[in-house]
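Accompanying notes for the structure given below.
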Amino acid sequence: MEHSPGEGSNPSPTDQPSAPSDPPDQSPAAHTKPDPGSAGPPASPGAAGEALAVLISFGRRLLVLVPVYLAGAAGLSVGFVLFGLALYLGWRRVRDEKERSLRAARQLLDNEERLTAETLYMSHRELPAWVSFPDVEKAEWLNKIVAQVWPFLGQYMEKLLAETVAPAVRGSNPHLQTFTFTRVELGEKPLRIIGVKVHPGQKKEQILLDLNISYVGDLQIDVEVKKYFCKAGVKGMQLHGILRVILEPLMGDLPIVGAVSMFFIRRPTLDINWTGMTNLLDIPGLSSLSDTMIMDSIAAFLVLPNRLLVPLVPDLQDVAQLRSPLPRGIVRVHLLAARGLSSKDKYVKGLIEGKSDPYALVRLGTQTFCSRVIDEELNPQWGETYEVMVHEVPGQEIEVEVFDKDPDKDDFLGRMKLDVGKVLQAGVLDDWFPLQGGQGQVHLRLEWLSLLPGAEKLEQVLQWNRGVSSRPEPPSAAILVVYLDRAQDLPLKKGNKEPNPMVQLSIQDVTQESKAVYSTNSPVWEEAFRFFLQDPRSQELDVQVKDDSRALTLGTLTLPLARLLTAPDLTLDQWFQLSSSGLNSRLYMKLVMRILYLDSSEICFPAGPGAPGALGPDSESPQTGSSVDAPPRPCHTTPDSHFGTENVLRIHVLEAQDLIAKDRFLGGLVKGKSDPYVKLKLAGRTFRSRVVREDLNPRWNEVFEVIVTSIPGQELDVEVFDKDLDKDDFLGRCKVSLATVLNSGFLDEWLALEDVPSGRLHLRLERLTPRPTAAELEEVLQVNSLIQTQKSAELAAALLSVYLERAEDLPVRGEGTGALGSLSLALSELLAADHLCLDRWFTLNNGQGQVLLRAQLGILVSQHSGVEAHSHSYSPSSSSLSEEVELWGGLPHITASAPELRQRLTHSDSPSEAPAGPLGQVKLTVWYYSEERKLVSIVHSCRALRQNGRDPPDPYVSLLLLPDKNRGTKRKTSQKKRTLNPEFNERFEWELPLDEALKRKLDVSVKSNSSFMSRERELLGKVQLDLAEIDLSQGAARWYDLMDDKDKGSS
């Protein structure tokens, strides 16, 4: 190899420490310069080599002329020669470029090794003690103390690992019962503290220190699992990072400091030299682990929100809060978009340049979120929102990394970092941030949410969240921190064995688990858990105390979170009695709730034009004395073009087939089935079906209704789960584009479940467009009553839309938070209006003030009414109405009652049929529901019943399916008090095939209680229907004359 002229004269950096004893210029010179004294013998081999090199070079040049000679001998044209020459030159150029790249890489590697060696050499030298930095101070005296304490710390670590860690490891896994530490040595190289930075504490009772630590140690820890003849260990470790030390609480007695908390704000650099790791991972129960997973777990254990707490005084109060304090705040990260990303995809071996499939990772400490992948896009639009807990300000950083999704290894596109202290100062930070290590920018909107210890602003926060478009999860209104302290007198296992209790805490679909405490029925956990809450008024905390095998439940507790809203400081700190447990079994917890409030001058809550502080149409202009006349008072509202254009999507979850079996018994030896249920997500709402036990081909036949708009890109997310006691197992998912259903109006398909080996789901989706006519309302109510199932709520018959524009002449509110007025609008008035719409000024009930609003009703007519059921009825319309009013501070409240629709029809359209007989009539609907194979009967009402005594009867209707007279076929309505024209509207079902139903008779009896103290029933009349003579496919409501019967005492 040829050497550059200066290569032999410069000493290697690694040889510099030994320069006095070994001059660096002697050894290289011996290799590059011949000795002048030895001129004879060495010269002959050199001359022969030069002659041979000349001959080889001359031979190569002759070989170049061989193709020309061959082409001429074969009679080929000059073009072939030129073509071959072009190929050769191209090949030579590619080869030269490769060699040039290799030389550059080799030179870069040599420079890197030289710089690394120089840096390591400089690190061995002690900087003078007077060298300091503006905000970081050197602490060489502290390093000397650590060096002297290091051997004694090793003795403590050996005792800690042998007496505390080893028993915990042996109890955590049955395969590790012979686990022992055979050697524990911290080595001779102590940890070094490079710099110390002191922060002003958030409170006067604490001191904050940041220690920049560096540990390159020669520690050696060996472990052995004798059962499997396995030996492994650690030989050498490196740890670099900034360790925050908090001294709190400061006290007036010795030792002045009550406890020391330590943690890494950001994930440190950790490198462990394992020995025998392959053998250790071959142990059953550990085979699923990997070296990377172990490293990640160790590093995450040291990072926020995890802390190491060392109490310095006995009986320290609030140890759990010191170990896991409340977050400083919440940062809501809106990952909006990116632009100008680099293209990483190449095709045809790099000849064709494609784009990228970008996705983003959002990280703060151990909290990590991954966005969805946008295919083939250099300017992706994500529009996703995440919420992260911030524990330390300053210090913690929000990091966003952008990658290109690839089948093998994802390509890095760039990253950005931002200290959360800037978000705290700004309140709301909306900007494009450049990506480091790549090209392009990422668009983030960061909002700082303060933690409020009171529930006064909860309604305002919930109202604001309803208008926030957030995915994949809805925005949170509060957080809950659960400090799990201890339990007492838990029940024992079989054979009076001590349990190994652990706790599962669940809020909706989020479940967290505590550690297991072994061999005790009075465990002490001292752990903290954090939950985000969407609506604490309706959510519950489910607590289950179990044995570590998860098979035995030691106690349960269900706590409505609404209790915290009325508690002082939103805190409960007490013992809780466990159910399904022992008589004295109880659990001590401290629950702290905080409301998430966005306090920024840049963000204001939506307010109507008539909100307090807004100028009304008759109020004075700020420009006093203006010659411009006030605008005239409007007579009608002016809603935008999108008002009233919503549709209702009716989602019918029918059945599933070939689901995978997830249940296992006897430790997995016996394979069971699954307990499936379906979860639906659409338009910010989540629905969940009932659980079908032990069935891989379940039938739900449930219907869910949701109000949808025509915004493009919406999807119905459907997931199937297996219900378990701890964590529900995933059985598959599928997605349906909302645009497909809205365009076609109807979809009935079997959808294959994704991400699972087998399974499919039968869905029926129908778009219901509101119609501004009441002509079909009776038919809609009739159809809804026929297809209604007992497992669902009443189906929606109409959609109510309300636009609230302004208010005038409202009273001046004094002290207090009372309402300024209210308004009740009967739906019967809407049904009588033209196009089912009212648009005018309404006077409030108290006579003070008016509101201008538009209320319009749309009848939901199903074009595919074979089978659809289950809804939220009219509650969304009513709730949305009240929500619109609440937006401007609780002015008027407009209430609407859905049953008025049915009552209006019942009382307004009196039938023009034959008059009732002497005993009266009963109105019935008899129908066979072929989809569910059920006979359905609806008892609507009775009229003109006979009055035998002085007082009107208390009627009810009894139905019996003959010829069976047992209680299995008997049905009975509720009892109405003192009326001759009772209204029931109750539905009854019998499961039997159609051919069997045609052989039956339906006996209908109208009865009344004779007296309060008597069991005797007075028969007011009866009718017997032969089902073979009735068209069961129509389901029409009819009046039937009641007949007399001699057997009046029958029941």
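Cβ coordinates are placed from backbone N, Cα and C, and glycine is handled just like the others.
Annotated compositional bias 'Low complexity' per TrEMBL: 36-46, in sequence order.
What TrEMBL lists as domain 'SMP-LTD' is 135-313.
What TrEMBL lists as domain 'C2' is 312-433 (among others). Here the domain 'C2' (312-433) has, by DSSP, the following mix of helix, strand and coil residues: 12 helix, 59 strand, 51 coil.
According to TrEMBL, the domain 'C2' annotation covers 460-580 (among others).
Taken from TrEMBL, the feature domain 'C2' covers 627-751 (among others).
The domain 'C2' annotation in TrEMBL covers 918-1040 (among others).
The region 'Disordered' annotation in TrEMBL covers 1-46 (among others).
Taken from TrEMBL, the feature region 'Disordered' applies to 609-642 (among others).
Taken from TrEMBL, the feature transmembrane segment applies to 68-91. Counting same-chain residues at least six beyond the ends of the transmembrane segment (68-91), none has a Cβ under 8 angstroms from any Cβ of the stretch.
Taking DSSP states H, G and I as helix and E and B as strand, the domain 'C2' (460-580) has 14 helix, 58 strand, 49 coil. Taking the domain 'SMP-LTD' (135-313) as a whole, pLDDT averages 77 in the prediction.
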